[in-house]
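Each remark here refers to the structure printed beneath this line.
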Amino acid sequence: MASPSSLLSWPHRAISLSFQPKNPSPSPATARVSVQDPPPPPSDANPSPGRSSNTSRYVWVNPNSPRAAGLARARAGSGRRARLAAAAAALAACEAGEAPVAAALEAAFPEPPSEQDAVIVLNTTSARPAAVVLALWWFLRNAEVRKEVILYNVALKALRKRRRWSDAEALWEEMLREGVQPDNATFSTVISCARACGMPGKAVEWFEKMPDFGCSPDMLTYSAVIDAYGRAGDAETALRLYDRARAEKWQLDPVICATVIRVHSSSGNFDGALNVFEEMKAAGVKPNLVVYNTVLDAMGRAMRPWVVKTIHRELVSQEAVPNKATYCCLLHAYTRARYGEDAMAVYRVMKDEVMDIDVVLYNMLLSMCADIGYVEEAEEIFRDMKASMDSRSKPDSWSYSSMVTLYSCTGNVAGAEGILNEMVEAGFKPNIFILTSLIRCYGKAGRTDDVVRSFAMLEDLGITPDDRFCGCLLTVAAGTPADELGKVIGCIDRSSAQLGAVVRLLVDAAAPSEPLREAAGELLGGARGVVRMPYCNCLMDLAVNLSQMEKACALLDVALRLGIYSNVQTRTQTQWSLHLRGLSVGAALTTLHVWMSDLYAALQAGDELPPLLGIHTGQGKNTYSYKGLATVFESHLKELDAPFHEAPDKAGWFLTTSVAARHWLETKKSAELVAV
């Protein structure tokens, strides 16, 4: 141990280093101690609280102690970091030429840089891709490099960050020409670069090169290439790689699980996506927010909002903090499934959190509100859109279309016209969807002249009517009084001559049923599947409203023959049933008429009825009306004095016994069974 005299005679300058003591004294007095200073004068051990000192705190440190070495290293490390940051900034600021890059790096490194210095500069600089490659070459010539592949990997990573696939390929070729052997990190970087550049085929190609260079994929590589195979449409190979990774006992991590969930979702295998999510939890892997968002998106696409709610509750219970992507997934799921209350709750949370909501999300909400009759909620959303300062949130033509649809379905003519005027003032032209909704609105309100005026607007704008527009005109015709029906039929004629011919045969009381049967068969046989049932429903509604039951039955026969209505009647040993769910009122009454005639014919032929007969109307109600098919049918059955009564334990069913049905049928003539 050194003597006190040797310490006092130490020839070097005393070191004064400022630091926070590990156990500071509770005394507020400051200390400045140096062996070169004279002893301090005596002072009061308990100075007045009013006295204060701004003197900095210094403590002398023995230069031979470990603490001095640590402080010196910290000071040196701080200087090195600053020097490397300056070098990265200088590289970013210089031109992408060999001479400017060399000059900037030579100024930053008077002495040959280390390999770690080169890695830090290449990894942190924001230079152009060409400058990064030139800097790589300078470091390879001038730095103390032990493994050249490390610097190539860092440069490839920089090119990946800038999504420069062609530069990455060129650097790979340069690397091979120089005889540098790529490693796993090289392939992982190149594969993820291809994926980031939207080139999944290239990612797959590079993955398949790995065995040629003696490289085996690690978990990061598996994750990148599984996603690449999925994006390339080869879900089978992606999942086979996932199984291979598990077979090789790789530890599952959230990255690869999120990737596999996404692959399952993209291929439509939503059960598989959910299984991977449950499997990772069973393996002890805690899902992160990316995994939660991915599985929420998958379940939203699968139209499983109840699963979305469960996963969201789990996310919150795990104290994960939802982000904007989470709320977007929830909105997608709830609006697609028409879960109105849940969707509005998510929307209001996003508003409270002041999250950006673009016009796409707004339009999804408005479309949902229009479908389920959320008038006040839609008006709130539309006001928020117009009040937004962000141009990406302003209403577009789809926003106005949803609002017109909403008001049209509720019969709010003034509201629909007001939105149309706002739309025109905002610089948007009405499209076929808006005019379809507007015509439906005028039809509900009985304003036939406005229907004709709106149809003229369609012609003035040069819009070609589509089959949905024609279906809307059919709906309007079914509810139009006979004295104004010709105006609507004129619009139908100009929209579709074939449909107009069928309607004219239908409304002409003198025309026989057989020509109508043939014309309707040609029309419905060539129509798109999505509009065939609406056409049938509307045509039968029109026939029933015009008291043309024979023609309504002919239309039903055509629909059954073409398979438009299926399984309308079912028979078992214990029950014969009529299934009317999904039919319009006119189509349902027509089907009931035919069924009653069939029952009467069975009795006349001496057949035995089963113990139970039932009519299934479903229990749903029209979104914009308190009346559903069940309500209408209950009233109609009472008018007929039919013995069918609503089943207390089977919602939407009207049942009767064979005894009651037989008695009723025998007291009625077949032609009198249905009073329309």
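The backbone N, Cα and C atoms fix where each Cβ goes, and this holds for glycine too.
Per Swiss-Prot, these features apply:
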- 1-73: transit peptide (TRANSIT)
- 17-58: region 'Disordered' (REGION)
- 148-182: repeat 'PPR 1' (REPEAT)
- 183-217: repeat 'PPR 2' (REPEAT)
- 218-252: repeat 'PPR 3' (REPEAT)
- 253-287: repeat 'PPR 4' (REPEAT)
- 288-322: repeat 'PPR 5' (REPEAT)
- 323-353: repeat 'PPR 6' (REPEAT)
- 358-388: repeat 'PPR 7' (REPEAT)
- 396-430: repeat 'PPR 8' (REPEAT)
- 431-465: repeat 'PPR 9' (REPEAT)
- 532-566: repeat 'PPR 10' (REPEAT)
- 578-662: domain 'Smr' (DOMAIN)
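According to DSSP, the repeat 'PPR 8' (396-430) comprises 26 helix, 0 strand, 9 coil. Per DSSP, the repeat 'PPR 2' (183-217) is made up of 25 helix, 0 strand, 10 coil.
For the repeat 'PPR 6' (323-353), the list of distant contacts is 289, 292-293, 296-297, 299-301, 303-305, 308-309, 312, 315, 361, 364-365, 367-369, 371-372, 374, 377, 381, 384: same-chain residues at least six beyond its ends, Cβ to Cβ under 8 Å.
With a threshold of 8 Å between CB atoms, the same-chain residues lying at least 6 positions outside the repeat 'PPR 2' (183-217) that come near it are 149, 152-153, 156-157, 159-160, 163, 165, 168, 172, 175, 224-225, 227-232, 234.
Beyond the ends of the repeat 'PPR 10' (532-566), by six or more residues, the same chain brings 471, 474-475, 477-479, 482, 499, 502-503, 506-507, 509, 513-514, 516-517, 520-521, 523-525, 582-587, 589-591, 593-594, 674, 676 to within a C-beta distance below 8 angstroms of the stretch. Sorting the domain 'Smr' (578-662) by DSSP state (H, G, I as helix; E, B as strand; all else coil) yields 36 helix, 14 strand, 35 coil. Per DSSP, the secondary structure of the repeat 'PPR 7' (358-388) breaks down as 27 helix, 0 strand, 4 coil.
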